[in-house]
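**Q** According to Swiss-Prot, the protein has these features:
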SIGNAL    1-24  signal peptide
SITE      Arg101  site 'Transition state stabilizer'
ACT_SITE  His105  active site, proton acceptor
REGION    191-213  region 'Disordered'
COMPBIAS  203-213  compositional bias 'Basic and acidic residues'
BINDING   His267  heme b binding site
Amino acid sequence: MEPLFPKRLLSIAVLCVASATAQADTGMNPDNDYWWPNRLSLEPLRDSSLSADPRGANFDYNEALKDLDVEALKKDLKQVMTASQDWWPADYGHYGPFFIRLSWHAAGTYRMIDGRGGADGGMQRFAPLNSWPDNASLDKARRLLQPIKQKYGNNLSWSDLLVLAGTIGMEDMGFPIVGFAFGRDDEWEPEEVNWGPEGQWLTDRRHSGDRKLDKPFGATEMGLIYVNPEGPHGNPDPIAAAHDIRQAFGRMGMSDEETVALIAGGHTFGKAHGAHKPSDCVGADPEAASMEEQGLGWTNKCGKGNAEDTVTSGLEGAWTVSPAEWTHNFLQNLYAFEWELTTSPAGAKQWVPKGGAATNMVPDAHDSSKRHAPIMLTTDLALKEDPAYRKITQRWLEDPEEFTRAFARAWFKLTHRDMGPVSRYKGELVPSDTFVWQDPVPVADYKQIGERDVKKLKAAILDSGLSTSDLVKTAWASAASFRTTDMRGGANGARIRLAPQKDWAVNQPQDLQRVLKVLEGVQREFNKKSRKTKVSLADVIVLGGAAAIEQAAKKAGHKVEVPFFPGRTDASQEMTDVSTFAWLEPKSDGFRNFHAEGYKRNPAEALVERAALLGLTAPEMTALVGGLRVLQANADGSQHGVFTDNPGSLTNDFFVNLVDMSTVWKKSDTEAGLYKGLDRNSGKVKWTATSADLIFGSNSELRAIAEYYSQSDSQKTFVQDFINAWSKVMTADRFDLK
């Protein structure tokens with residue numbers, strides 16, 4: 001396989017320059033982004049996925065999976081592995097290493113900071129990922145799998161197939177896999193992701209200070225999955241490479257041991273391809289290729305254009321003596337030789353055994369009469385030269401079985417990291433073991449509460465002395481940690497009472513502990529009186545929010561029932577990966593009018609990002625903010641954005657007063673980011689607000705929604721829309737209901 005890190009969104013400024021140039025040259029009509037490049041984009045909230053899906057709105061992939069013949073699929077995949085095609089011959093007669101790289105690069109874009117990337121959705125099929133330099137030649141791997149996808153149709157997603165192919169390839173080459181979970185559904189259009197600020201491939205403007213990687217990025221250069229295999233910026237320094245590796249893999253939630261296992265295990269298979277200079281031979285990437293190429297790119301005009309003439313990363317050679325078998329040879333070779341720097345035929349920097357040793361060790365991938373020396377990359381030598389990595393590789397050099405187990409677990413984590421909890425795992429290959437990185441929750445060993453119990457609990461909660469604000473804030477804090485990007489967070493597990501979530505500034509830890517103590521008392525009293533039926537704290541927290549909203553709606557003259565579905569359980573601290581869960585902490589949450597000091601992103605932009613992570617649309621975001629303001633759900637208890645004289649009542653007052661022309665808004669003279677709403681005639685301060693409030697009046701799209709909710713005939717509609725959006729957030733992590 002290729003090295004694991006060989007050599008679309010541009011920044012707004014770069015896009016604008018490019019757009020302006022293109023329009024000047026071609027006469028294209030300027031769009032809104034051209035005229036107003038700094039306007040708030042609501043694109044992350046557009047729900048166009050259903051309209052883009054040709055399978056129809058009623059298609060359910062999990063249902064379709066029930067008809068998948070997994071054993072037949074595995075058999076077919078194993079046949080593909082050794083059925084070498086003339087248009088793209090298999091190295092060593094086996095496509096397994098090629099498919100491992102395919103699977104790795106499908107999953108390896110995942111980054112822990114915002115949960116974006118990963119294999120779910122099959123995004124490698126679309127730009128920009130299909131044309132990243134790091135993904136060169138993987139278009140051919142997908143075409144090799146196309147007959148499999150055609151045969152199994154809707155019962156097998158591309159997302160699952162892209163990951164399964166490499167996993168079965170490893171198994172077919174003698175590696176004992178942990179297992180595999182189906183359940184990744186396909187998207188039908190590319191996700192808009194900020195992959196970096198650079199305007200050119202393989203460039204780097206994402207580091208600061210002592211080569212600290214900017215957030216939220218995981219890769220070190222534009223168009224890479226992880227790091228430059230030749231070393232940072234092509235500098236063949238293994239220690240410097242180790243720094244980059246640790247950062248990049250750490251951004252994916254991998255420990256040192258997992259990182260070493262993945263690199264050493266992955267490079268046990270296959271080879272790198274650099275038979276010629278890419279600039280002399282290789283054509284445009286798939287997205288830029290001519291129409292007759294039909295979605296294939298990187299056409300190679302040198303020699304055969306494939307096989308022994310293949311050009312992918314520019315690096316050339318294999319690491320082991322048996323590249324199509326699982327062996328211990330990578331680590332053996334790493335320590336058996338002293339390595340000296342050389343260059344590949346393409347001019348890339350790589351390493352070979354010193355003094356011309358072992359030149360007859362590695363078989364050629366296509367010509368049985370030829371043999372070669374093994375290679376190492378600068379990033380491979382980092383596993384020997386970095387002190388921490390060296391301890392690991394030396395231990396595994398002496399214990400091949402431990403190395404095998406470590407790689408199996410790390411591979412499973414790599415390829416399932418963005419799937420969320422085990423409840424989303426489907427199929428007969430799912431392992432029985434669970435891992436802390438899956439954010440597990442216990443299985444309930446008691447009877448769930450019924451309607452009568454719900455009524456009793458609501459009454460007890462409302463009689464507990466907690467305010468509407470207390471209950472709404474706590475329920476929101478518990479559920480709104482959820483991210484649709486990697487299905488982490490949410491109310492299930494009641495992790496709001498555990499580290500690190502209990503200490504997040506946005507959750508106001510002291511107030512939170514006060515509220516949780518009362519709710520735990522309600523839970524304890526109920527469970528004490530019931531033998532078989534129990535309630536979790538996770539359910540009590542969500543139920544408290546529902547009860548408070550129903551009471552607030554009643555105050556406003558609306559009799560409503562907030563949907564509630566019991567079944568959540570309470571996780572333990574041991575079930576919570578504190579270090580990775582910490583990345584879910586919001587530094588800005590416009591729904592609670594919270595913005596951490598020093599956080600650079602504009603509060604309005606951060607609000608849209610938070611809404612996107614929750615899977616909300618623009619109307620849902622608008623309804624929630626308007627409702628949460630009048631219910632006094634601000635994190636710090638401030639009155640910013642509380643545009644009502646009747647706080648605690650679920651009214652449309654936020655919108656009525658926001659669009660009221662008797663108010664004129666001015667920036668505060670004393671506090672940055674704060675605005676004052678003055679009576680237009682008297683000049684008296686009526687309200688205070690942040691940009692997370694006023695954006696609903698200044699942005700034309702959001703104002704249209706706000707004006708709608710301000711109408712006299714929209715009060716009932718607003719209340720119901722708020723409840724619907726609230727319930728969507730409360731049940732976002734309830735995959736058992738979907």
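Glycine residues also receive a Cβ, built from the backbone N, Cα and C atoms like all the rest.
Show me how these features fit into the shown structure, please.
**A** The Cβ of Arg101 (site 'Transition state stabilizer') has 28 neighbouring Cβ atoms from other residues within 10 Å, across all protein chains displayed.
Listed in sequence order, Gln124, Asp134, Asn135, Leu138, Ile225 are the same-chain residues six or more apart from His105 (active site, proton acceptor) with CB atoms under 8 A from its CB.
Note on the compositional bias 'Basic and acidic residues' (203-213): DSSP counts are 0 helix, 4 strand, 7 coil.
Under the DSSP three-state reduction, His267 (heme b binding site) is assigned to coil, being neither helix nor strand.
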**Q** Can you check what DSSP calls Arg101 (site 'Transition state stabilizer'), collapsed to helix, strand or coil?
**A** helix
**Q** In whole Å, note down how far the CA of His267 (heme b binding site) lies from the CA of Arg101 (site 'Transition state stabilizer').
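**A** Between the alpha carbons of Arg101 (site 'Transition state stabilizer') and His267 (heme b binding site) there are 10 Å.
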